[in-house]
Amino acid sequence: GTSRQIPQTIIIGVRKGGTRALLEMLDIHPNIVVAATEVHFFDWDENYVKGIDWYRNLMPFSYGNQITIEKTPGYFTSPQAPGRIHDMNSSIKLLLILRDPTERVISDYTQVYYNRVESHKPVQLFEDIVIKNGVLNTKYKAIQRSLYDVHMEKWLKHFSLDQIHIVDGNTLIKDPLPELQKVERFLNLPSRIMSSNFYFNQTKGFYCIRSDGRERCLHESKGRPHPLVNSTVLEQLHSYFREHNARFYRMVNHSFDWH
């Protein structure tokens, strides 16, 4: 009685915002099934040309009462993704998880840094990438990805605000349950995720998941220590994002506790 369904909900981003944690935590819910990998269907042309049947075949089997969710953080910053998703299903529900833009930039750098170290490639200090000739390098991809207002504008051309639920990534890490309960309500699902589904792992410094008699934590690549960043550079980043954040708050009618 199961079949593969095109997702009724997509986690569209943002990279290093907590998308994996959100997906794993939603997977606790009996009415949710999740795609195992990031599909990159709507943001990579080489995948999009393979067609909707190719996309559906990458989804898990589900029952009629279950919602299929996939997550690809690259969708949020992709110029093509909003229109393509709208063409597939104009009434789809979208989940967007965001965190403080400066923290997100540092986390983005940290992931690339560790990947380069593991591949024995040369690495640069954070400050040497972010500051060029004494000024902020606003062309740096990690900074561009944190301009939430710029990207949100593209999504709001195709979807109404009530189709996009924003999850506070900073809160999800500190206190997951309230954020997940908001998602349950947004998806019109019965309340099934409980506080007993989480326990704080002192070693890792974040919450892990307990469900179906099993305990699991996010991969060790998550929650890696960030570099200590020069306070002047931090202030330059905060100052640069301030106006973008204010514009984003106005767009979504909601403020966040960001610098």
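Every residue, even glycine, has its Cβ placed from backbone N, Cα and C.
Automatic prediction, not curation, is the source of TrEMBL annotations.
TrEMBL has this to say about the protein:
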type	residues	note
ACT_SITE	Lys16	active site, for sulfotransferase activity
BINDING	Lys16, Gly17, Gly18, Thr19, Arg20, Arg99, Ser107, Tyr207, Lys222, Gly223, Arg224, Pro225, His226	3'-phosphoadenylyl sulfate binding site
DISULFID	Cys208-Cys217	disulfide bond
DOMAIN	7-245	domain 'Sulfotransferase'
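Cα of Arg224 (3'-phosphoadenylyl sulfate binding site) to Cα of Cys208 (disulfide bond): a distance of 15 Å. Nearest Cα neighbour of Cys217 (disulfide bond) among the listed recorded positions (Lys16, Gly18, Arg20): Arg20. Close to Lys16 (active site, for sulfotransferase activity), meaning Cα to Cα within 10 A, are the following recorded positions out of Ser107, Cys208, His226: Ser107. Per-residue pLDDT, averaged across the domain 'Sulfotransferase' (7-245), gives 95. For Lys16 (active site, for sulfotransferase activity), the count of additional Cβ atoms within 10 Å of its Cβ stands at 23 [all protein chains shown]. Rounded to the nearest whole angstrom, the C-alpha distance between Ser107 (3'-phosphoadenylyl sulfate binding site) and Cys208 (disulfide bond) is 20. When the Cα atoms are compared, Arg20 (3'-phosphoadenylyl sulfate binding site) and Cys208 (disulfide bond) turn out to be 12 Å apart. Here the Cα atom of Gly18 (3'-phosphoadenylyl sulfate binding site) is found 13 Å from that of Cys208 (disulfide bond).
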